[in-house]
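Feature list (source: TrEMBL):
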{"type": "DOMAIN", "residues": "7-439", "note": "domain 'THIF-type NAD/FAD binding fold'"}
{"type": "BINDING", "residues": "26-31, Asp50, 58-61, Lys74, 97-98, 119-124", "note": "ATP binding site"}
{"type": "BINDING", "residues": "Cys160, Cys163, Cys439, Cys442", "note": "Zn(2+) binding site"}
{"type": "ACT_SITE", "residues": "Cys175", "note": "active site, glycyl thioester intermediate"}
{"type": "DOMAIN", "residues": "320-374", "note": "domain 'Ubiquitin-activating enzyme SCCH'"}
{"type": "DOMAIN", "residues": "450-534", "note": "domain 'Ubiquitin/SUMO-activating enzyme ubiquitin-like'"}
{"type": "REGION", "residues": "540-667", "note": "region 'Disordered'"}
{"type": "COMPBIAS", "residues": "548-563", "note": "compositional bias 'Basic and acidic residues'"}
{"type": "COMPBIAS", "residues": "564-588", "note": "compositional bias 'Low complexity'"}
{"type": "DOMAIN", "residues": "581-661", "note": "domain 'SUMO-activating enzyme subunit 2 C-terminal'"}
{"type": "COMPBIAS", "residues": "595-612", "note": "compositional bias 'Acidic residues'"}
{"type": "COMPBIAS", "residues": "657-667", "note": "compositional bias 'Acidic residues'"}
Amino acid sequence: MAAQLDGVFEAELQKKITESKVLVVGAGGIGCEILKNLVLTGFTDIEIIDLDTIDVSNLNRQFLFHKEHVGKSKANVARESALAFNPNAKIKAYHDSITTNNYGVNFFQQFSIVLNALDNRAARSHVNRLCLTADVPLIESGTAGYNGQVELIKRGLTSCYECVPQPAQKSYPGCTIRNTPSEPIHCIVWAKHLFNQLFGESNEDEDVSPDTADPEAGADVGSAALEKEANEKGNVDRVNTRTWAKQCEYDPEKIFNKLFFDDINYLLSMSNLWKNRTPPKPAKWDAVQEGDGEDGTIVEDSVTRDQKVLSMAQTAKVFGESIKALKEAVGKLPEGDHLVWDKDDKDGMDFVAACANIRAQIFGIPRKSRFEIKSMAGNIIPAIATTNAITAGIVVMRAFRVLQQEYEACKTVYVRLRVNGRNQFIVPETLIIPPKPKCYVCAAKPEVVLKVDTKKLTVREFRDDILIKALNMVSPDVLLDGTGTIVISSEEDEKDCNNDKTLEELKIVNGCILKADDFLQNYELSITVLHKEAGREEAPFEIVADPDSLKPKEEEEKKEEVKPAAAPVDDAQPSTSKGLNGSSSNGKQTTTVNEVEDDDDDMCIIEDDEDEKPSTSKAAADAVTTPGKSVEKRKHAPEDDEPANKKAKVSSSHPMDDDDDDLVILD
């Protein structure tokens, strides 16, 4: 191992590598590469955690896993494979979720550094908060296709993961696509995968059959299915979808019944999936043809048809006609060749639109017009093994800097598909972005304003939709400030009687302040409630992370007139924090942040700006430059303990050039 060889690293770094203790969160595409790099570098005390199990679709990019590992724990198998590189390394694996109460602040405090390789926003936010509280450096990473990103999160020094609301993600985990779709886009992704399985370039990563390795379905489901399908040698023989379709001569009725009746019934047998979800309703070819009383006649005018949501009978007819046309097109190709899906190809687009809408109907998801589906279908990003490897390499190199406490050198790094104007495809930021003064997570006194209809919102909706989904809490307790009334308790059944009551019924009205506390995250948040009746087209609630933005304009102008010339840095900088419901703090409409159950196991979506506009990933307008740096006191301090201008900020002494083209914009 490199650290065991004198001369490879400086003596001080060599010592830190061998003595440090590292936590890797996630054992997917990036996590496997990080673990391999750590072991080969010479790190000997490593712990890795992941809840997921190995699926066949993982094998093309997660190289610590092999065919015989399908159905087993990712964390455990990653540990076994990594030990083959260095049997002397001490690696501990957890087949568990990082959000459980087994992994609190005390757990995180034992590590020198934490390396995130996660697949969803809720878990990223959870680890972000625990690392801030434990004061442990966190290196966050993610990839999207050929783009990658690595950034350091250090309390008081850099902005945290939640300083700027994250945009909705555009990639989705395989188990969501195959087992539990909840949005139209999930059905569209599934339909595109089905096109490739039947007519395009087949990819094991795009399997459309029920995922028996889904951790939510229970470990026994995957194991039982694998044992049932295993041959006498113990291997699983998988029937190729296209081979099966050819055997039944691409008969639309047989394909329909297999996909939308047999497979759905198989999903229903995974009872754990439907404990807290509405179960799907299987559909049969004959019943769909006759069920809605329509004859299935389709308007010939393509423009009119594209704008209309077709009936199920009409959709089934399009399904059958498109399969026949695509079968004929495949038959004209040379042996071994395949079709390539194109949204502008009529038959391919008809097939995807029909399959997506049939699946949406089965899962109780709103159906869409062909035009809407076409506009959504072209933005699905695959996982690329090379990008994962490059990103993981940068993560470990950044870890070297962190161990040496060279934080100023740990600027955010982007991996690009194309080189920029300076001939770079690995592009660093020009400065470290400091913490946002009004961040509702890492500020000294976290607070938000909640605009909501207190007469309609129930306590259950407040807990599930706002505290857990929007604010990423795990186990919240809520008190009504001033009275000490317990509104929500993390103790089971303690305050369930409040669930169906509205906020108003519990005396939570305009101007009330709620104190939310998540003991798992050691996180407290003050929530000021403002009553607002939402219009028909408006979001049911709005979260504003900067309460100052709500002050009357006249008051702000008055403050501006009397403001001294040498005001403290934090007070002088206007806030540009965004509301979590898609409204900015100044009331202007901005990017909507939706809760999406994420993506493939190594995806952090990065919007690649084709024009390479100068900006920073953490909103450069919020970056305030001050000489030197300091470490800020953690949140929850009394108001008098720390002045607002004590925020730590690290900056470059050189102003940003107007023609800077090094930076990718995170949308």
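For all residues, glycine too, the Cβ spot is worked out from N, Cα and C.
Locations of recorded TrEMBL features on the structure.
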residue: Gly26; record: ATP binding site; CB count, 10 Å: 31
residue: Gly29; record: ATP binding site; CB count, 10 Å: 28
residue: Asp50; record: ATP binding site; CB count, 10 Å: 29
residue: Asn60; record: ATP binding site; CB count, 10 Å: 13
residue: Asn120; record: ATP binding site; CB count, 10 Å: 20
residue: Cys160; record: Zn(2+) binding site; CB count, 10 Å: 23
residue: Cys163; record: Zn(2+) binding site; CB count, 10 Å: 25
residue: Cys175; record: active site, glycyl thioester intermediate; CB count, 10 Å: 22
residue: Cys439; record: Zn(2+) binding site; CB count, 10 Å: 22
residue: Cys442; record: Zn(2+) binding site; CB count, 10 Å: 26
Can you tell me how far the Cα of Ser97 (ATP binding site) sits from the Cα of Cys439 (Zn(2+) binding site), in Å?
26
With DSSP as the reference, give the number of residues of the domain 'Ubiquitin-activating enzyme SCCH' (320-374) in helix, strand and coil.
34 helix, 0 strand, 21 coil
Secondary structure composition of the domain 'Ubiquitin/SUMO-activating enzyme ubiquitin-like' (450-534) [DSSP: H/G/I, E/B, coil]:
18 helix, 29 strand, 38 coil
Of Ser97, Ala123 (the binding-site residues), the residue whose Cβ has the fewest other Cβ atoms within 10 Å:
Ser97
Cβ within 8 Å of the Zn(2+) site's Cβ centroid: which residues qualify beyond Cys160, Cys163, Cys439, Cys442?
Leu132, Ser159, Tyr161, Glu162, Pro435, Lys436, Tyr440, Val441, Ala443
What is the nearest of the recorded positions Gly26, Asp50, Cys175 to Cys160 (Zn(2+) binding site), using the Cα of each?
Gly26
Quick one: pull the CA-CA distance for Gly26 (ATP binding site) versus Cys442 (Zn(2+) binding site), whole Å only.
23
Compare the Cα of Asn120 (ATP binding site) against each of the binding-site residues Cys163, Cys439, Cys442 and report the nearest.
Cys163
Whole-number Å only: compute the distance from the Cα of Cys439 (Zn(2+) binding site) to the Cα of Asn60 (ATP binding site).
39
Of the recorded positions listed as Gly29, Asp50, Asn60, Ala123, Cys175, the one whose CA lies nearest the CA of Cys442 (Zn(2+) binding site):
Ala123
Rounded to the nearest Å - Cα separation of Cys163 (Zn(2+) binding site) and Ala123 (ATP binding site):
16
Cα-to-Cα gap, Ala123 (ATP binding site) vs Cys175 (active site, glycyl thioester intermediate), nearest whole Å:
17
